[in-house]
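Taking it in order: structure first as structure tokens, then the write-up.
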Amino acid sequence: MKLPEICIKHPVFATVLSLLILLVGVFSYNKLETNLYPSYNTKSATVSASISGASAKYLSDNVAVPLINAAKSLPDIKNLVSDCQQGSCKLTINFKDSVDYVSVINKLRSNIDAQMDNMPSTLIDKPTVSDDTGSSGSQPDYYIQINYDPQKYKPSQVKDYLNNNIRNELLRIDGVGALWIQGADDNNARVWLNPNKMSDLNVTPGDVTLALQTATTDVNAGKIYGKDRSYAIVPENTVDNINAIKNLTIKIDDNKNPIRINDVADVALAPSSNIPQIMRTNGKRTLLMQILHRDSANPIKVGHDIDKFVNVTLKKQLPDGISAQLIYNQGTYINKIINKSYETLIVAIILVAAIIYIFMGSLRISIIPIITIPVCIIGTFAFMELMGFSINILSLLAIILAIGLVVDDAIVVVENCFRYKERGLSAYESAIKGSNEIILPIVSMTLTLAIVFIPIAITEGISAALFKQFAFTLAFSVIISGFIALTLSPMMCSKLLTVNSQSNWYKKFNVQFENLTKQYVALLKKCIDKFKISFTGMIVIFILGVIVYHYMPKQLLPTEDLGVIYSSAITPPSGAGRNYNLKYSPQLENLIKKIKTLKLTCFF
């Protein structure tokens with residue numbers, strides 16, 4: 001007994017199978033994350049080194065070159081990018097997707113150790129290797145504007161408060177990946193040397209630096225050996241306030257008196273830079289908390305939780321003179337785009353159902369292929385959850401396209417069963433004969449449509465990562481439709497198939513459609529009779545298509561309106577610092593303010 005016949009003879013079994021698909025799909029849908037695009041983790045690493053006061057050229061010649069030599073022998077490298085600025089050097093390494101990341105990073109660290117002899121002696125700290133996997137250089141997803149009263153607070157004080165009291169609470173929100181605070185420099189212990197006092201006491205800057213490094217570095221001072229065990233001696237770092245730094249001993253003079261840092265320098269807690277870091281929102285001095293969500297998180301839910309935290313918890317917690325406002329929530333824009341996709345999905349279902357009804361001519365019979373749509377779509381969510389996919393533009397596009405495909409198998413079953421019904425057989429007999437005849441065609445149609453997407457599964461790179469969800473989602477929905485066509489559709493045919501007298505509108509439609517068919521057949525005969533002309537026309541169309549394709553703009557993904565524009569508006573000349581930007585940014589800000597559609601502007 002074949003599967004369609006089993007389902008026809010046991011309608012409850014066929015119904016339970018479909019309900020099970022629906023039930024699992026509904027539960028899976030509630031677990032799916034929502035995102036704009038499928039997540040894609042780049043494989044990259046950054047090597048950082050610094051020499052205080054060194055020029056960019058010196059670092060490029062003496063630090064960047066050894067680092068590049070350490071990295072260029074690594075396997076599966078896409079590209080190397082070095083960036084040397086005054087005092088710091090950074091080398092970014094982008095790897096291919098097929099790289100054994102853990103192994104190659106360990107090899108990179110070993111290669112850097114081997115290159116240390118080629119590094120300048122002024123490089124005190126060994127270059128650090130940071131793991132940038134999963135960081136595609138995305139801009140922050142959420143912005144919290146921090147307003148403060150400049151009469152009560154300095155920017156650095158507000159930043160310290162945020163770091164000490166608010167930062168960790170935000171990072172504890174499920175889905176928050178990283179957080180930065182812009183608009184003020186961190187407060188650090190600053191030491192201003194007095195050359196005259198240093199000269200009188202015979203103290204050099206190197207002596208002061210050595211004293212600070214010795215006092216602030218945890219070192220192993222030795223071991224205590226017992227009978228069975230040994231214990232390391234690590235002196236406790238007691239430099240935890242400004243007074244402790246002031247009282248650090250630099251050296252002992254000839255009279256056996258200690259020379260302390262306070263004797264040759266002024267020490268205070270102050271911003272780390274002499275030139276202030278400034279953030280202006282709509283022309284007003286503010287601070288900005290920039291938040292990035294984790295790749296695996298739902299940006300809509302994360303945005304909702306951050307908004308709730310800002311408007312409920314933070315308002316009660318902030319002191320007088322400081323207020324917070326969530327000025328940009330990417331989740332809001334993603335939600336609008338996803339909702340538009342859902343609207344398109346509903347419209348597509350209605351249109352496909354209407355076309356089926358028009359050509360079937362009977363609402364009773366049309367229900368058979370139409371019911372396939374929700375079962376296949378909802379069942380696909382179970383596969384998406386199993387594969388770790390998310391609800392995004394591309395997976396929803398696959399579902400929208402699948403609507404026109406999933407009904408094909410069911411329509412074929414209905415048409416073949418209806419053919420036997422017209423011959424006078426009962427609905428039960430027609431369903432058995434008609435569905436058993438087309439098992440092989442249904443299976444071959446289903447597999448043919450699904451197997452088309454296999455090449456995407458074996459490709460690599462960002463294109464494969466993005467479109468893999470699209471391909472597999474579409475393929476699995478087609479596979480479910482084939483299963484439904486061999487189980488639910490035959491059972492429904494045995495219950496709903498009838499041959500009724502045609503309504504007036506359907507008769508008129510058939511007449512018009514037959515006339516259209518006759519015109520098409522006549523045109524087809526002319527094309528066949530004049531084969532050379534037809535073939536030439538086809539070649540011309542093909543060539544025109546190639547030409548148009550050549551001049552069409554090409555991009556990996558369509559541009560989406562997320563409600564924000566990022567721009568490096570001022571490119572300073574070589575050697576220019578913050579003062580240059582501070583001088584010209586107000587002029588640029590005034591120009592941009594003239595754009596009427598802008599809600600707010602942030603200058604940093």
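Even glycines carry a Cβ here, placed using N, Cα and C.
The transmembrane segment annotation in TrEMBL covers 342-360 (among others). Panel annotation: around the transmembrane segment (342-360), residues 366, 369-370, 373, 377, 396, 399-400, 403-404, 407, 411, 414, 509 of the same chain, lying at least six beyond its termini, place a Cβ under 8 Å from a Cβ of the stretch.
For 367-387 (among others), the entry in TrEMBL reads transmembrane segment. Within the chain, the transmembrane segment (367-387) has long-range Cβ neighbours (under 8 A, six or more residues past its boundaries) at 18, 21-22, 24-29, 31-32, 345, 349, 352-353, 356-357, 360, 395, 399, 402-403, 406-407, 409-411, 413-414, 469, 472-473, 476-477, 480-481, 484-485, 488-489, 492-493, 496.
Residues or ranges marked as transmembrane segment by TrEMBL: 393-418 (among others). Long-range Cβ contacts of the transmembrane segment (393-418) within its own chain (Cβ-Cβ under 8 Å, at least 6 residues beyond either end) map to 36-38, 337-338, 341-342, 344-345, 348-349, 352, 356, 360, 365, 368-370, 372-373, 376-377, 380, 384, 430-431, 433-435, 437-438, 441-442, 445-446, 449, 466-467, 469-471, 473-474, 477-478, 480-482, 484-486, 489-490, 493, 497, 499, 560.
If you look up TrEMBL, you'll see 438-458 (among others) marked as transmembrane segment.
Taken from TrEMBL, the feature transmembrane segment covers 470-488 (among others).
Residues or ranges marked as transmembrane segment in TrEMBL: 533-552 (among others).
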